[in-house]
Amino acid sequence: IGNTVLHILVLQPNKTFACHMYSLILSYDRKKEGPGSLELIPNNEGLTPFKLAGVEGNTVMFQYLMQKRKHNLWSFGPLTTVLYDLTEIDSWAEDQSFLELIVSTKKREARQILDLTPVKELVSLKWNMYGRPYFCFLALFYILYMVCFTMCCVYRPLKPRIGNKTSSRDNTVYIQKMLQESYMTYEDELRLVGELITVIGAVVILILEIPDILRVGAAKYFGQTILGGPFHIIVITYACMILVTMVMRLTSTTGEVVPMSFALVLGWCNVMYFARGFQMLGPFTIMIQKMIFGDLMRFCWLMAVVILGFASAFYIIFQTENPENLGQFYNYPMSLFTTFELFLTIIDGPANYDVDLPFMYSVVYFAFAIIATLLMLNLLIAMMGDTHWRVAHERDELWRAQVVATTVMLERKLPRCLWPRSGICGREYGLGDRWYLRVEDRVDPNKHKVMRYTEAFKAQDRDNYDKGLEKMEINRNILYKKELSGLSLSRSTSRTSSHRGWEILRRNT
């Protein structure tokens, strides 16, 4: 019951009342004997009161709980050294990391905790010492891996075509080699080494990604932008395309160009994932993800309907025409592709001035240009501009959350020997086996004095100004008296406020 009450207090809107009641319940808990404190008992979702305060974005309760966990090491003038308990904060050996819970929650208030002490200092320490170097090395290794895969695709085994052409539009001159013919020369053996590296890399990607999907869940793993959800989909699809290409090569199945081309596009697009490690490029990848999976996905439904309708109309119009004179709509798939190019204004309207075009082509193309180019494309631009304006206000905050998510990901996947535990063991200071983070804080007493003096002067001026307004309303009928009262009031106000302000300065001196 006490643990349930603690969780309820974390969710209370009245933060001051919740903190007092929290302390009251814990004071009774310490008087009783038990296996553990109420603060360490999780709820049904596996969240302790401390983690629940972080997930809900309750910064007041989080700071209150952190004040209870800190230990003042020493103080010398304005300098103070504090040890913060990293229990439940550090993601080391935690099944449900506190940092991962914060970046994966949908509440924006929770990300504000990343700017509070000691979370800010802990993330900065991990990222600067281990996260950034490992992430940059991983980015360089992935780019070299993609270069290797690209070279293997460029120099894939091909041979000249022997059979005759069956159509005047057939332009194929090379075909894929069989498996027995693909690895015969020295160049083929070099390509084989690159292909083995590519396949091994795809298997490693699947081995690293699948356990996280099972641990977090597919919906949360692929749906969270901060956790890199779209890029996880891209890299898993890329690995699957590599394995499909390998099977088609081993079975001598024609058409390996389809999964190979998909893998090339997806693999190089995944390079944008590593932009999150740089403050200059990280926020832009967030905007790209928001626009693609927000505005563009909704717009594609409308675009598909328009393209399908007008492509069908163009195909019907040119169905009786000679495709040699105007071949952009010679069959239905080509009509769809040509209409898509027209929609995006990649090409101009197909025309051949040596022959007569159908009359309905001009009418349909006029309507298509008005609807697609003038209306729908400008609508897409306006939607993306609105998304850019909304994301720009929180892009730095989202980038910091991405850095935290990347740090936690690297800490989970790298061996312990490459990523030692952050902080100081409490045994060095007689605080047990818990780990602490040492934070030095500088408190400037003059700054607080100046703020106190400023507030005192402001309060006196505000009170005297309110009294002056009341007197001016009473004497509103007589303009001359109102001016005199205002003049005398301003003098008395300045004299009174300055007198009281200098009295505060004298007393403090």
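Even glycines carry a Cβ here, placed using N, Cα and C.
If you look up TrEMBL, you'll see 135-393 marked as domain 'Ion transport'.
According to TrEMBL, the feature transmembrane segment maps to 134-158 (among others).
According to TrEMBL, the transmembrane segment annotation covers 192-210 (among others).
Per TrEMBL, transmembrane segment is recorded for 231-251 (among others).
According to TrEMBL, the transmembrane segment annotation covers 257-275 (among others).
If you look up TrEMBL, you'll see 296-318 (among others) marked as transmembrane segment. Under 8 Å from some Cβ of the transmembrane segment (296-318) lie the Cβ atoms of residues 326, 329-332, 335-336, 338-340, 343, 358, 360-361, 364, 368, 371-372, 376, 379-380, 383, all in the same chain and six or more residues away from its ends.
Listed as Cβ neighbours of the transmembrane segment (359-381) (distance under 8 Å, sequence separation of 6 or more from its ends, same chain) are residues 295-296, 299, 302-303, 306, 310, 313-314, 317-318, 339, 342-345, 349. Positions annotated as transmembrane segment by TrEMBL: 359-381 (among others).
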Cβ-Cβ under 8 Å with the transmembrane segment (231-251): same-chain residues at least 6 beyond its ends: 149, 179, 182, 195, 198-199, 201-203, 205-206, 209, 221-222, 259-260, 262-263, 266-267, 269-270, 272-273
